[in-house]
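Trainee: I have a structure here, written as structure tokens, and I will follow up with some questions on it.
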Amino acid sequence: MKNLRGLLLAFLVLSLGISDFLRAQDQQGFISLDCGLQADESPYTEPLTKLTFTSDADFIKSGKSGKIQNVPGMEYIKPYTVLRYFPDGVRNCYTLIVIQGTNYLIVAMFTYGNYDNLNTHPKFDLYLGPNIWTTVDLQRNVNGTRAEIIHIPRSTSLQICLVKTGTTTPLISALELRPLRNNTYIPQSGSLKTLFRVHLTDSKETVRYPEDVHDRLWSPFFMPEWRLLRTSLTVNTSDDNGYDIPEDVVVTAATPANVSSPLTISWNLETPDDLVYAYLHVAEIQSLRENDTREFNISAGQDVNYGPVSPDEFLVGTLFNTSPVKCEGGTCHLQLIKTPKSTLPPLLNAIEAFITVEFPQSETNANDVLAIKSIETSYGLSRISWQGDPCVPQQLLWDGLTCEYTNMSTPPRIHSLDLSSSELTGIIVPEIQNLTELKKLDFSNNNLTGGVPEFLAKMKSLLVINLSGNNLSGSVPQALLNKVKNGLKLNIQGNPNLCFSSSCNKKKNSIMLPVVASLASLAAIIAMIALLFVCIKRRSSSRKGPSPSQQSIETIKKRYTYAEVLAMTKKFERVLGKGGFGMVYHGYINGTEEVAVKLLSPSSAQGYKEFKTEVELLLRVYHTNLVSLVGYCDEKDHLALIYQYMVNGDLKKHFSGSSIISWVDRLNIAVDAASGLEYLHIGCKPLIVHRDVKSSNILLDDQLQAKLADFGLSRSFPIGDESHVSTLVAGTFGYLDHEYYQTNRLSEKSDVYSFGVVLLEIITNKPVIDHNRDMPHIAEWVKLMLTRGDISNIMDPKLQGVYDSGSAWKALELAMTCVNPSSLKRPNMSHVVHELKECLVSENNRTRDIDTSRSMDINLSFGTDVNPKAR
């Protein structure tokens with residue numbers, strides 16, 4: 001008998017016979033990536049399938065684009081005419097955001113098409129996370145092949161990796177994910193790798209989306225030994241079992257031409273030990289006469305029998321084996337056998353067959369993965385090997401890591417991190433402390449600045465720390481020095497500005513590798529302080545607050561004269577705004593660099609103390625989400641702060657005006673502002689509390705990147721274990737933490753409260769205080785609205801419902817947690833940043849799930865010897 005594969009190769013094109021409006025369906029949850037499509041190309045609707053594809057550039061950080069040549073006798077739809085190939089690295093991985101615990105149909109398409117003019121068809125492995133999924137062999141399937149699996153992700157991140165196994169270059173044409181119902185296609189263990197999916201018909205039509213709402217590909221298959229049944233009546237496919245079989249698949253069926261014979265389908269397996277699941281979809285599509293009976297048993301070998309089965313008239317049902325079957329000799333035989341009392345032969349409309357694929361290797365501990373990826377992002381690392389799972393499989397371990405492996409079912413843990421000689425800049429980032437099993441840290445021979453963070457002493461697992469050859473400064477935390485006495489190996493050689501006491505003026509010999517401050521540098525600093533002290537002392541004694549002679553500003557930033565301030569602002573020609581400090585003017589430095597000049601008003605409620613606080617803070621901190629201080633003026637009665645100019649002004653202005661900020665931009669702004677606060681709380685030593693977080697103190701540049709501003713009320717905590725300080729209450733009404741107001745006890749959680757209020761502004765576009773509401777304060781109003789359970793009445797109506805409801809709910813819940821009356825129940829800013837980034841990922845994923853309509857078949861085969869054949 002003729003093998004089904006030969007027939008499948010003949011049926012290449014899907015006819016388009018139904019009008020578009022009948023075919024229109026929802027692609028909610030679909031991910032359709034055109035691999036190799038240029039990053040700057042917009043998502044497009046494929047003209048034949050009407051499926052919406054987008055570039056894969058945002059989901060992978062490696063690879064190059066290629067375009068296939070024309071293949072005689074083959075026609076490919078647009079997504080399969082370009083590809084991404086991977087000449088560099090062994091493992092190259094896509095990272096997709098998915099819903100944990102959801103059943104997904106995952107499809108990967110591969111077309112070589114001699115894109116490189118080498119006529120060298122590749123062969124490589126395909127992985128899901130740390131486990132092998134299948135081998136892609138384009139040497140055997142020269143016209144292209146399709147890999148398909150039904151899989152339930154264990155986390156919200158799914159990694160699909162192409163792994164080089166020989167000398168040829170891996171490639172991929174398209175990547176597609178389709179959510180399925182969670183009560184369908186459930187094996188006893190593992191995932192289901194598709195062997196074939198066919199509907200029994202003599203037509204040439206392949207059925208997929210939108211007739212199939214899950215975009216399963218149903219290829220036509222029929223043999224001469226069979227008799228075709230067809231109906232023009234409606235077949236009810238709304239079966240309670242949830243398989244959603246398309247009606248086009250079940251309006252035809254096959255029965256044996258010889259009514260006494262069984263209906264038999266056989267297929268070969270690649271490996272004799274494969275375990276098989278078969279799903280039979282049956283519906284009686286004939287109106288049976290009173291004396292007619294159709295009843296049959298199903299046999300899949302000596303030990304597997306099921307029945308009798310009597311298909312329901314014009315109602316589809318799905319039959320499947322609940323336990324996997326092993327086919328003797330690697331050949332499966334499925335028979336539908338007529339029972340003695342049946343007057344009609346057996347009937348079958350469609351069949352799917354799968355083998356189980358076990359994924360025994362656990363992924364690396366989720367917290368370790370999150371931490372190492374945050375470190376990668378913070379330092380802007382771009383290592384070709386840093387793709388996929390950090391620790392497994394072991395032969396693909398990320399460069400610079402070592403991991404601990406217990407067994408395959410236990411998630412590996414990261415035990416050492418070596419980023420020596422990696423051109424790192426910036427501070428030692430706080431995400432390191434989230435590697436809770438880290439034993440060795442090597443950041444030597446980089447250009448790291450800032451201090452040695454206190455959190456290193458709190459990492460109980462750390463045994464070795466190498467920070468030598470950097471530009472670290474300040475004193476080494478005493479707690480860390482105490483751990484050296486208890487066996488910690490600490491190397492800080494080659495950091496000339498690092499010392500071992502808070503005064504940084506003594507040489508200690510009790511440390512492994514002491515650091516000596518340069519006496520010449522110290523003398524220069526003292527001279528600068530003295531000079532500035534003299535200048536400040538000359539200021540008018542009429543100024544309110546502590547005299548300059550009592551409090552000087554230590555700085556290495558540019559100090560401008562008042563005449564220079566007049567020149568850069570053209571005598572204060574253009575006003576940008578007004579704040580508690582005074583007027584803010586636009587200016588230019590050197591005629592090119594735009595700046596904002598904040599001039600202290602003689603009547604300002606803020607005075608020299610807050611001016612000094614802001615200057616000193618901005619001189620010792622740097623973060624991309626904090627406004628940068630360009631310089632200052634301190635000349636007699638003239639005080640001015642000179643900042644980088646932020647083109648789009650403050651966030652509050654955008655909410656009070658007519659401009660509309662999209663939901664994704666709002667989330668980006670929230671992430672930026674939260675990251676700035678996180679740096680103040682964790683990245684600074686001692687930690688800094690802003691004390692005046694509000695929407696008017698969040699400035700936006702030309703790309704809508706947000707930066708925190710106005711640090712005049714900020715407070716540094718003393719070094720030690722204190723969780724709060726007692727201080728006079730300062731801040732802005734509406735944003736002010738009630739607990740801080742009542743107790744005078746300030747902590748970083750006071751900033752968290754204020755940020756929660758800002759986040760509610762971002763979500764609702766409502767004023768913080770509105771006495772026309774039943775609940776004047778925004779947090780109380782939102783709390784009231786939440787009792788009604790309708791988020792649409794809370795979200796800013798300017799958004800017109802264009803947002804991912806999941807991300808909106810998550811952001812709203814986060815904001816309400818931040819404004820909890822009890823500071824103990826509020827999250828820290830690191831948690832806030834993490835949650836907001838997840839909201840952002842969900843929203844970005846939504847923009848790729850665009851509704852489309854019709855579908856067309858692909859023209860690729862399943863591969864060799866995995867398709868059924870009739871007998």
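Cβ atoms are placed via backbone N, Cα and C, with glycine included.
Quick paste from Swiss-Prot:
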SIGNAL    1-24  signal peptide
TOPO_DOM  25-515  topological domain 'Extracellular'
CARBOHYD  Asn143  N-linked glycosylation site
CARBOHYD  Asn182  N-linked glycosylation site
CARBOHYD  Asn236  N-linked glycosylation site
CARBOHYD  Asn258  N-linked glycosylation site
CARBOHYD  Asn291  N-linked glycosylation site
CARBOHYD  Asn297  N-linked glycosylation site
CARBOHYD  Asn407  N-linked glycosylation site
CARBOHYD  Asn434  N-linked glycosylation site
CARBOHYD  Asn447  N-linked glycosylation site
CARBOHYD  Asn466  N-linked glycosylation site
CARBOHYD  Asn471  N-linked glycosylation site
TOPO_DOM  537-871  topological domain 'Cytoplasmic'
ACT_SITE  Asp692  active site, proton acceptor
Trainee: Which residues does Asn258 (N-linked glycosylation site) neighbour through Cβ under 8 Å, counting only same-chain ones at least six apart?
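Mentor: Long-range Cβ contacts: Glu225, Pro345.
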Trainee: If I restrict to non-local contacts, at least six residues apart, and a C-beta distance under 8 angstroms, what lies near Asn466 (N-linked glycosylation site) in its own chain?
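Mentor: When sequence neighbours closer than 6 are ignored, Asn466 (N-linked glycosylation site) has Ser420, Leu441, Asp442, Phe443, Ser444, Asn491 within Cβ distance under 8 Å.
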Trainee: Determine, to the nearest whole angstrom, how far the Cα atom of Asn434 (N-linked glycosylation site) is from the Cα atom of Asn297 (N-linked glycosylation site).
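Mentor: On Cα coordinates alone, these residues lie 58 Å apart.
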Trainee: Provide, as an integer number of angstrom, the distance between the C-alpha atoms of Asp692 (active site, proton acceptor) and Asn471 (N-linked glycosylation site).
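Mentor: A Cα-Cα distance of 32 Å.
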Trainee: If you measure from the CA of Asn447 (N-linked glycosylation site) out to 10 Å, which glycosylation sites from the list Asn143, Asn236, Asn297, Asn407, Asn471 are inside that radius?
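Mentor: Taking Asn143, Asn236, Asn297, Asn407, Asn471 one by one, the ones whose Cα falls within 10 Å of Asn447 (N-linked glycosylation site) are Asn471.
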Trainee: Could you tell me which of these glycosylation sites, Asn143, Asn291, Asn434, Asn447, has the fewest other Cβ atoms within 10 Å of its Cβ?
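Mentor: Among the glycosylation sites Asn143, Asn291, Asn434, Asn447, the sparsest Cβ neighbourhood within 10 Å belongs to Asn291.
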Trainee: Of Asn182, Asn236, Asn291, Asn297, Asn471, which is closest to Asn407 (N-linked glycosylation site) if I measure between C-alpha atoms? They're all glycosylation sites.
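Mentor: The smallest Cα gap between Asn407 (N-linked glycosylation site) and any of the glycosylation sites is with Asn182.
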Trainee: Count, for each of the glycosylation sites Asn182, Asn236, Asn297, Asn407, Asn471, the other C-beta atoms lying within 10 angstroms of its own C-beta, and report the residue with the smallest count.
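Mentor: The glycosylation sites Asn182, Asn236, Asn297, Asn407, Asn471 were compared, and Asn407 has the fewest Cβ atoms within 10 Å.
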Trainee: Kindly state the mean pLDDT of the topological domain 'Extracellular' (25-515) in the predicted structure.
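Mentor: Mean pLDDT for the topological domain 'Extracellular' (25-515): 92.
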Trainee: List only the single closest residue to Asn471 (N-linked glycosylation site), chosen from the glycosylation sites Asn143, Asn182, Asn236, Asn291, Asn297 by CA-CA distance.
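Mentor: Ranked by Cα distance from Asn471 (N-linked glycosylation site), first place goes to Asn182.
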Trainee: Cα-Cα separation of Asn182 (N-linked glycosylation site) and Asn143 (N-linked glycosylation site), in Å?
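Mentor: With the alpha carbons as reference points, the distance is 34 Å.
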Trainee: Provide the three-state secondary structure of Asn291 (N-linked glycosylation site) computed with DSSP.
Mentor: coil
